[in-house]
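Annotated in TrEMBL:
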TRANSMEM  65-83  transmembrane segment
TRANSMEM  89-110  transmembrane segment
TRANSMEM  122-139  transmembrane segment
TRANSMEM  159-177  transmembrane segment
TRANSMEM  198-215  transmembrane segment
TRANSMEM  235-252  transmembrane segment
TRANSMEM  343-365  transmembrane segment
TRANSMEM  385-405  transmembrane segment
TRANSMEM  417-436  transmembrane segment
TRANSMEM  442-465  transmembrane segment
TRANSMEM  493-515  transmembrane segment
TRANSMEM  521-545  transmembrane segment
Amino acid sequence: MTLTKESFHGALPPASEVTKADMASTREKEEALLQSVTTSGAVVPRKRAVGRLVMHSMAMFGREFCYAVEAAFVTPVLLSVGLPKNLYSLVWLISPILGFVLQPVVGSASDHCTCNWGRRRPYILGLGIIMLLGMALYLNGDVMISAFIGERDNRRTWAIVITMLGVVLFDFAADFIDGPIKAYLFDVCSHQDKEKGLHYHALFTGLGGALGYLTGAMDWGQTVLGYSLASEFQVIFFFAALVFLVCLTVHLRSIPEVPLRYKNEETKILLEVTESYKYSTIEEEIKNGYLKSTCTEIKAAAKPGKCAVMSHTEDQRRMTLKSLLKTLLSMPSHYRYLCVSHLFGWMAFLSNMLFFTDFMGQVVYQGSPYAPHNSTLYLTYKTGVEVGCWGLCINAISSSVYSYLQKILLPYIGLKGLYFIGYLLFGLGTGLIGLFPNVYSTLALCSLFGVMSSTLYTVPFHLIAEYHREEESLKLQDGEQAAEHGRGKGIDCAALTCMVQLAQIILGVGLGLLVSVAGSAVTVISASTVALIGCCFVAFCVRYVE
């Protein structure tokens, strides 16, 4: 058979049909990409490499390292500058009160931040700088004041003021920074990567705490740095600041954020989508009506008279305190129940951790912090405090190990099982410590503290991710619901983090009075009771997504 020119051309489809087929294929690909662009300009995250998730988790390592340093040294520092006992409660109450009031404001602000660098990272950087400033003040305040003020009474007064300011700033920023870090993870990761990221966060939180406690336990006075710098506190600050700066830098460079875009950037979004695939020129898209129709589809997702993407004026209105409180109060009931369970967990955990070293010294070792410093009772108490620090180190290590085991247990027992087991084991462990205060059994049961720590840092935020995933699936079915949804991941993470500050306020007001009346033994019994109550709440009140 001979293929003639006429038969060859007859076998080919008309040029117009080829063009239509290409355009149809092009539009299908572009529509698929546009489905990943929300009305606010956010892009559906792609799968992240394990190395990126590890880099993202470094912020938790640095933060917990500095937390451990504070736990080990803040009381000796406050005592060394001569802080009166009646001001102790003031130091521990100012920071959580500020955090409880301002945390939702910052969470909402980060939800609507339009910085080109992203929504969360500017706040993380700012809070990181405040952490460093606070740590510098409370570890070096006495030395700095001595360099400028010679008169003894004035020097003592200003040293107390500067040290208290440093503690408040550090606690405020260190508590605050957790919310933006979690929201940053949720923004840039797919659902599967969120699970991995939360487990890596818990893992590096435990490792950072363990290394921080070990750093504080070493005698730096006999080292080269100890001889070079003015005091051991300055050596600790040098290491803590170096570790935190490196970890914060790695974290901020881990995963790029997509900046929030508003209505006047709708065309820019579409231009970027078209340009990335190089299918056709903008003039051709406008000519065939595709760009115009797509813009219409985006705007049609909102109710008549309401734009799906917030205008700048509406964004400012949402930032008012009245609107913010309304948003918090209008949270669905399952969010509120989750916040209450988180409050129970942190009340139990903190009531044990804040007084654990004192419990070891007074109850387990039968020492006394009020005895003369050269007496046997005081030295025995000091030994108990040092052993208590090793118990906290065991807690940090077990938290890291359990965060890895969570990934193995999750497919079998689910989030409900992980949440229930965390509270139950902690409640039983602290109860046994209170009933049988033995050195070796107490140190062994410290590993259960790590189970609770890992649970509090992962499961509630995992549930927040599940709730948002469920809501986002409903948005795909109902465009109007997506337009009306004004609460972002940042404010939900902030609401959870607020429970930590609320727990600190409640404990600062109530538990200190109980300890002064009944002694340190009441702390572990209180922790056990609250944890078991929270265990029942977790089992029957918290909602779990199927």
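Including glycine, each Cβ sits where the backbone N, Cα and C put it.
TrEMBL: automatically predicted annotations, no manual curation.
Source: prediction; values computed, not measured.
Segment contact is absent for the transmembrane segment (122-139) and the transmembrane segment (417-436), given fewer than three CB pairs below 8 angstroms at sequence separation of 6 or more. Away from its own ends, the transmembrane segment (198-215) comes close to residues 53-54, 56-58, 60-69, 71-72, 181-182, 185, 236, 239-240, 243, 247, 389-390, 392-393, 395-404, 406-407, 450, 453-454, 457-458, 461-462, 465 of its chain (Cβ-Cβ under 8 Å, at least six residues beyond either end). Counting Cβ pairs under 8 Å to the transmembrane segment (417-436), the top-ranked stretch among 343-365, 385-405, 442-465, 521-545 is 521-545. Below 8 angstroms of C-beta separation, residues 55-59, 61-63, 65-66, 69, 73, 121, 124-125, 128, 131-132, 135-136, 139-140, 181, 208, 211-212, 215-216, 220, 223, 225-226, 229 of the same chain, each at least six residues beyond the ends of the transmembrane segment (235-252), sit close to that stretch. When Cβ-Cβ distances under 8 Å to the transmembrane segment (385-405) are tallied for each of 159-177, 442-465, 493-515, the top count falls to 442-465.
In this chain, the transmembrane segment (159-177) does not touch the transmembrane segment (442-465); fewer than three CB pairs sit within less than 8 A of each other, excluding pairs fewer than 6 residues apart. For the transmembrane segment (493-515), the residues of the chain that approach it from at least six positions outside its boundaries are 88-89, 92-93, 95-97, 99-100, 103-104, 106-108, 175-176, 178-180, 182-183, 186, 328, 331, 335, 338-340, 342-343, 346-347, 350-351, 354-355, 460-461, 464, 522-523, 526, judged by C-beta separation under 8 angstroms.
Counting only same-chain residues 6+ beyond the ends of the transmembrane segment (159-177), those with a CB under 8 A from a CB of the stretch are 59, 63, 66-67, 70, 74, 77-78, 81-83, 87, 90-92, 94-96, 98-99, 102-103, 106, 124, 127-128, 130-131, 133-139, 141-142, 144-146, 497, 500-501.
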